[in-house]
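Here is the structure we will look at.
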Amino acid sequence: MAEESSMEGSEKEEIDSSGGGFGDMASMDSIESRWVIQDDDDSEIGVDDDNDGFDGTGLESDEDEIPEHRLIRTGPRVDSFDVEALEVPGAPRNDYEDLTVGRKVLLAFQTLGVVFGDVGTSPLYTFSVMFSKSPVQEKEDVIGALSLVLYTLLLVPLIKYVLVVLWANDDGEGGTFALYSLISRHAKISLIPNQLRSDTRISSFRLKVPCPELERSLKLKEKLENSLILKKILLVLVLAGTSMVIADGVVTPAMSVMSAVGGLKVGVDVVEQDQVVMISVAFLVILFSLQKYGTSKMGLVVGPALLIWFCSLAGIGIYNLIKYDSSVYRAFNPVHIYYFFKRNSINAWYALGGCILCATGSEALFADLCYFSVRSVQLTFVCLVLPCLMLGYMGQAAYLMENHADASQAFFSSVPGSAFWPVLFIANIAALIASRTMTTATFSCIKQSTALGCFPRLKIIHTSRKFMGQIYIPVLNWFLLAVCLVVVCSISSIDEIGNAYGMAELGVMMTTTILVTLIMLLIWQINIVIVIAFLVVFLGVELVFFSSVIASVGDGSWIILVFAVIMFGIMYIWNYGSKLRYETEVEQKLSMDLMRELGCNLGTIRAPGIGLLYNELVKGVPAIFGHFLTTLPAIHSMVIFVCIKYVPVPVVPQNERFLFRRVCTKSYHLFRCIARYGYKDARKETHQAFEQLLIESLEKFIRREAQERSLESDGNDDSDSEEDFPGSRVVIGPNGSMYSMGVPLLSEYRDLNKPIMEMNTSSDHTNHHPFDTSSDSSVSEAEQSLERELSFIHKAKESGVVYLLGHGDIRARKDSWFIKKLVINYFYTFLRKNCRRGIANLSVPQSHLMQVGMTYMV
């Protein structure tokens, strides 16, 4: 097969721990580039500047027995000191790393309103749900229940999430799909086979450092990449966890708001449960209506409210400890947990379903991390949130020691009479904030899953110009509201909603535990004993809690379980259909024999202009191009196959956005452009801006390609006369500058924008110009060829740019199984017709659009 030229705009180099060691890196400065043999994945279709070595059709001759190894420029070398610091110069950094101290304090203050609302409102209902399953018989029951709550708080939110899981973020991005993305960067586990080796040269893609556990990590990587079953299991696990996150986004508002509004029954005797439901519905409508105003704006508003709430929890707790029974401090002795189970047996086991509610919101700490930094979340939780929560629970326990009958409304009954109405007011505000916390986490998770091909396309609005992670999804917002209202109206019992709440939360927790364990083995490469201890302790505890809530699934929580199954089905069907479609496109791509037969005119008329043909292939000529050739009376003089590809990184730097390749020879004027985006990237550019960036990147690619050819030809000439011209070796720097590799090294440089011909003069200027004067004629021809091609691009651009899109219909083959026909022909087709159209998603103007229909038989 012929080869295809590849040139990447990457400015960084992957640090591969499997080769070389770091001693070689010190040989050059950290900003220098090097030339390496072209990767296998960068070779596919023939290219050449001239006709040398090519047959009459213009494509590479099949008679060449020795493959031609093209040299490509990699990114700059990474200094060993940068490796030790785990930093790469120029690599994208987290949005929050360069903030001032004052800004970090303000950021920590905002975390109260965005991250901790969910876990902060858990005292409203935890004891109420626990004692509904295991009624209080004596004071020791209260001590045992408090001990369970305290150690659950310490074990799950603090140790697991704040101290461990937060560090598994993907460049500041948290959530289930962020963990999956992090694993995908280190092992090819995606079921859609569109990975390229060139993706690993993105500066933010990977940073591997040798360590003693590397061999174990490589073995695990090999197993994951070679086992289709393991890939599917991992995908199912991630989709199940994501569906539980979405379910959590439904049940959290229902639980928090109804618990807060239910306090009216304590203050006003005439208030009934039906009235509580009606007020809760009104509050929920207001809550979801305010969601569009963004996290930054709302964070400044709700931050003070949550601060007052946490201070109220601590104040009420201290008051009750002083007034009632301070002996509840005995609950810090874990032996009371044993006594609690010994006295209450099966009821104590059921009570675990209520106990886990004290840790609800733990996943939001991680999922909402994209809005804030790890340090701000850790600082706020340890210094403010955890102490206030523990004092609040201890205060309720002190009150219940002498008032067993008030266990059904433990929180509001423990509030002093003079402070009841202010606390009720701030509790409702806090409940609304808590609901918003999980909704924002759901938005983040859906955006990640959409970018990674596991959820239908939706309209995403970025609510902040400064921070890309702050988003709002209108369709999902109103969908969550509708389902939430159904839950509130159909399940009016706090106990039943609490059971559903625990089920959704535990589903996400168990998924996170397994994924973080894989990260420990594959990426962190820490001691196996620590990994096993983490998995056994946390997964074991979560399974015990889950066994409690699943036993009560018939009490009404089955609604949330059904909802989660539906969301899982949507995501799996979308991923399955997308995978089949991509595989079909790969199978049906046009062969190089056909391209050779068509010739440079492609068997039709070439009209002036540029055609941007959007497709999903990263290699080969898409089949839809053949449909355009047979359908349209003419095709554009220049065609660029544009592939919008999301890579498993949060952000792709702008200077590494486009990866260009030449398809066939120069006379064909065919190129492939892979526009790479991270799942956190905001695609806000207009079509004019996108066209401008694309054309500029194409020109840079052509210039650098010409320089490669020039360097290769110079290298061949210099092989016979290296002693006469010691300064003839040249590299290209990261900014496009050309460096002479004479003695001393890097003695001088020439700017990329200067014509190549200017660097080749007569022999009396050899000391100032690195090129051999004997190659003046060949360089002149190369320069003229370069200028002609650049002029051709400019004229084509002036003639206009047209977007060529294929409107594909996906159908299952007639010989397919019935289930496959049902899934593809009905479910997947329904999702495609009702998701956001590709035209809107790509910002393609209607006046510059051409579409051709095509049916894919999968």
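Any Cβ shown, glycine's included, is placed from N, Cα and C.
Swiss-Prot marks one residue of Ser721, Ser763 as phosphoserine, namely Ser721. When Ser713, Ser719 are looked up in Swiss-Prot, the one carrying the note phosphoserine is Ser719; the rest have no such note there, which does not rule it out for them. With respect to the membrane, Tyr338 and Ile550 are annotated on the same face, judging by the topological domain names in Swiss-Prot. Tertiary proximity for the transmembrane segment (497-517) is limited to same-chain residues at least six positions away from its ends with a CB under 8 Å from its CB atoms, namely 125, 129, 156, 160, 164-165, 168, 176, 179-180, 183, 237-238, 240-241, 243-245, 247-248, 251-252, 254-255, 258, 353-354, 356-357, 359-360, 362-363, 366, 487, 491, 531, 534-535, 538-539, 542-543, 545-546, 548-550, 552-553, 555-557, 559-561, 564. Looking at 381-401, 471-491, 519-539, the range that has the most CB pairs within less than 8 A of the transmembrane segment (553-573) turns out to be 471-491.
Here the transmembrane segment (148-168) has long-range neighbours at 119, 126-127, 130, 174, 179, 182, 331-332, 334, 337, 340, 351-352, 355-356, 358-359, 361-363, 365-366, 369, 374, 377-378, 381-382, 386, 389-390, 393-394, 509, 512-513, 515-516, 519, 534, 538, 541, meaning same-chain residues at least 6 beyond its ends whose C-beta is under 8 angstroms from one of its own. Summarised by DSSP class, the composition of the topological domain 'Extracellular' (402-413) is 10 helix, 0 strand, 2 coil. Looking at which of 233-253, 270-290, 414-434, 471-491 has the most CB pairs under 8 Å to the transmembrane segment (298-318), the answer is the stretch 414-434. Counting residues 6+ beyond its ends, the topological domain 'Extracellular' (492-496) has Cβ neighbours under 8 Å at 125, 128-129, 132-133, 255, 258-259, 262, 273-274, 277, 555-557 in the same chain. Sequence-remote contacts of a segment are chain residues at least 6 beyond its ends whose Cβ falls under 8 Å from one of its Cβ atoms, and for the transmembrane segment (233-253) they are 118, 175-177, 179-180, 183, 189, 191, 224, 284, 287-288, 360-361, 363, 367, 434-435, 437-439, 441-442, 445-446, 449, 454, 480, 483-484, 487, 497, 500-501, 504-505, 507-508, 510-512, 514-515, 518, 560-561, 563-565, 567-568, 571-572, 575.
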